[in-house]
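> Pasting the relevant annotations from Swiss-Prot:
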- 328: active site, proton acceptor (ACT_SITE)
- 28, 29, 33, 175, 177, 328, 355: 3-phosphoshikimate binding site (BINDING)
- 28, 101, 129, 177, 359, 402: phosphoenolpyruvate binding site (BINDING)
């Protein structure tokens, strides 16, 4: 499997004001999609700013195993020569996606539209995650699961459709991964493939499909939903992609700068896609001093420079419809809530229960062991902010990179140091996290 057997415990201590300018790594969602769409396009796709964490590198290896030419040409610079829609070759060995649900599920969609057989696998964490919700619509399109572990989990062997059928599919939960898998499979189908979602999820796949030359039409559906229609069998053309900085990774230095008094930190080229900025909206509602400037865009994705300063935060209520735009950020938002004055209620977090760990329970445990009063009520997380955090706890990360980073951020402003049992998994999304935070003034040891 992708990860080493060595644990890497670390302690975060009360730090002086953080300061400096940083660019967090490229967005993980865009990085996976650039590699996969580059592999399905004809001609060369040049990618700059690619996130070179383990998850994305596993997707790069998988695309290579499926017949695309994928090469690293420089620092975070990659070239992909694609095989065209439905042009994948059968891989010689199982495709190992390590810890990455996104890479695995999107690749399943892409493979479902090619007449090949491929086996998908991953680490212990990914093997425990649900895959039926992805496979069900792909089977409606003509793909077949010929073998899988209990409950449709990995390792899973998928036989792609020789003649894929376009479908209209209502997603059972707001999930960009389900939507993307159906759209990627729909590339090979004649006619129009439509996905209807009751709550709008991340639209990176739709934007990038258009960047590569596909026809995608998005219409509103109900109060919060969307209807996305893809015209099948396009000729995708290789296109340059500049990967903006990942807002889910920017969340950690952003919250650290807000809770460490006197901090003044600038983060550059952060993606500001409105379906990913729920955390920034929420932190501003809490009183966070966050200034935005230098906005621009690439491959359909907007980005901006942010200046974040130490702030007095207050508790707020976060509505459930905001969850899809910040599902990965609730862990570090809970840390901000612990340092705020007053109660913060985060509603509708059921999707956190099927992430890399049960993130709802793990977040509550991380706060409790450090002296914070927290309650889970159904799918709601309630944090009683006291303006400071006692700290002094050892946090179990459950092989989850975001729990590890959230706990380390908490330790930078807690009264006593916060210890994390293992930071090895941080490499899945943010290999440079510890040194980058240390350059801004964070005290780790």
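Counting begins at 1 with the first residue displayed.
Cβ from N, Cα, C; glycine included.
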> If you count other C-beta atoms within 10 angstroms, which of the binding-site residues 29, 175, 177 is the most crowded?
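Ranked by Cβ atoms within 10 Å, first place goes to 29.
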> Please report the distance from the Cα of residue 33 (3-phosphoshikimate binding site) to the Cα of residue 402 (phosphoenolpyruvate binding site), rounded to the nearest angstrom.
21
> Give me the CA-CA distance between residue 29 (3-phosphoshikimate binding site) and residue 402 (phosphoenolpyruvate binding site), in Å, as a whole number.
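That comes out at 15 Å between the alpha carbons.
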> Identify, in sequence order, the residues in the chain of residue 328 (active site, proton acceptor) that are 6 or more apart from it along the sequence and have a CB within less than 8 Å of its CB; answer 'none' if there are none.
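Residues satisfying the criterion: 248, 251, 355, 402.
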> Among the binding-site residues listed here (101, 129, 359), which has the Cα closest to the Cα of residue 177 (3-phosphoshikimate binding site)?
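Smallest Cα separation from residue 177 (3-phosphoshikimate binding site) among 101, 129, 359: 101.
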> For residue 28 (3-phosphoshikimate binding site) and residue 101 (phosphoenolpyruvate binding site), determine the Cα separation and express it in whole Å.
11
> In whole Å, note down how far the CA of residue 175 (3-phosphoshikimate binding site) lies from the CA of residue 359 (phosphoenolpyruvate binding site).
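Given the Cα positions, residue 359 (phosphoenolpyruvate binding site) is 17 Å from residue 175 (3-phosphoshikimate binding site).
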> What's the CA-CA gap between residue 101 (phosphoenolpyruvate binding site) and residue 175 (3-phosphoshikimate binding site) in angstrom, rounded?
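Computed Cα spacing between residue 101 (phosphoenolpyruvate binding site) and residue 175 (3-phosphoshikimate binding site) is 12 Å.
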> Write down the Cα-Cα distance for residue 175 (3-phosphoshikimate binding site) and residue 129 (phosphoenolpyruvate binding site), rounded and given in Å.
14
